[in-house]
């Protein structure tokens, strides 16, 4: 009798907790919250980096800091999944977010004391923090949503996250509007970024662990217990021999490699200070549009999940070829040895062409990375596995970025950088098609069929017990 009452109570609690998709423990709210955390921290960092040189006239200090950042990011991106599986989301996110505040503060310090040592150390610490944050974010974004709506939730996250870049671009544009000559951004700009990043650190404590998140059908995202150091060390090492991860390596390497070229050698070289801030508003705004568009294709274009993957990769490949071709046409007239005579302002008649190209770069970035995250999310459904996969992706991505920043520091020709970026993204498309073909299983069930086949809420079974074995 007591057991029956307990089962009924558990059923009523589960039904109550799944009444609204806007409840605190729903995947929708939790993915939105991680989007807001990334809005405040990496979103603002992106706005700062997008100005070229972190808003400084001399890019050497920030190039070296970014090299240190992405070197440590490469290591802790790969380790981050294991650390998340041991510590859980609260400690992992809070530790990661706090390093963004320190980095912005180091640039504020550099405005008054132009010694790059502090900036480089802050960059190295930020790499550690970013590795933790993005491994946690990847686990949440790919494991919390229902399997048949991962593209939609990825686009939701990407839109909220990149709103940080939009607002972050407005900050330097407004505060430096009357400073169209070459100059570093003022102190108020860096202080504004630090305030946003501090808010993101506090907001990270609102994220729930996966075993407390309940989907609309009453199933929990995962019911696995946090792991041990020895288990995670073994699992992380095995990623380097996992053929699925090896097929993702070119896409991961390319996905942040092009930032250096776009930020430093397009935005910073072609445009004046205030216009660079305005460009970033539209660059990150374009990312919101790109993520929504590719998210729709990857979730709704066809009933077959594999077909949706093939179509999504094909669309990004065709668009990417067109955009990089436009980038080549834009690059030919200038170089290190043949700089523009005068930097463009948004009021100039010749502003439109380079601006549309920079906007398109943002559009392509979001579509490319959302596509890769969708493929990763289709490989498994449990938080532990996906945290490791996401961490591996971010680690390789950051290793590529570390190399890219030093490529720019050593004054490699702009045209060579463009060709390498174009080639890397092009190589990744057929490998992703092969990965979808071999590793992504078709799921032709409708959403209603999936709900009807879900386990009874009162049982302790987890929907992830039927996830794809990886």
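Just so it is clear, glycine is given a Cβ too, placed from its N, Cα and C backbone atoms.
Unlike curated entries, TrEMBL annotations are predicted automatically.
Here is what TrEMBL records for this protein:
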- 28-48: transmembrane segment (TRANSMEM)
- 68-87: transmembrane segment (TRANSMEM)
- 93-110: transmembrane segment (TRANSMEM)
- 117-135: transmembrane segment (TRANSMEM)
- 155-176: transmembrane segment (TRANSMEM)
- 188-208: transmembrane segment (TRANSMEM)
- 281-298: transmembrane segment (TRANSMEM)
- 310-329: transmembrane segment (TRANSMEM)
- 355-379: transmembrane segment (TRANSMEM)
- 419-440: transmembrane segment (TRANSMEM)
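Contacts between the transmembrane segment (68-87) and the transmembrane segment (355-379): absent, as fewer than 3 C-beta pairs lie under 8 angstroms at sequence separation of six or more. In this chain, the transmembrane segment (155-176) lies out of contact with the transmembrane segment (93-110); the count of Cβ pairs under 8 Å, excluding pairs fewer than 6 apart in sequence, is fewer than 3. The recorded stretches the transmembrane segment (155-176) and the transmembrane segment (310-329) do not share 3+ CB pairs below 8 A when only pairs 6 or more apart in sequence are counted, and are therefore not in contact.
Here the transmembrane segment (28-48) has long-range neighbours at 21-22, 54-55, 93, 96-97, 100, 103-104, 107, 126, 130, 133-134, 136-137, 140-141, 144-145, 153, 156-169, 171-172, 193, 196-197, 199-201, 203-204, 206-208, 213, 280, 284, meaning same-chain residues at least 6 beyond its ends whose C-beta is under 8 angstroms from one of its own.
Among 117-135, 281-298, 310-329, 281-298 has the largest number of CB pairs under 8 A with the transmembrane segment (355-379).
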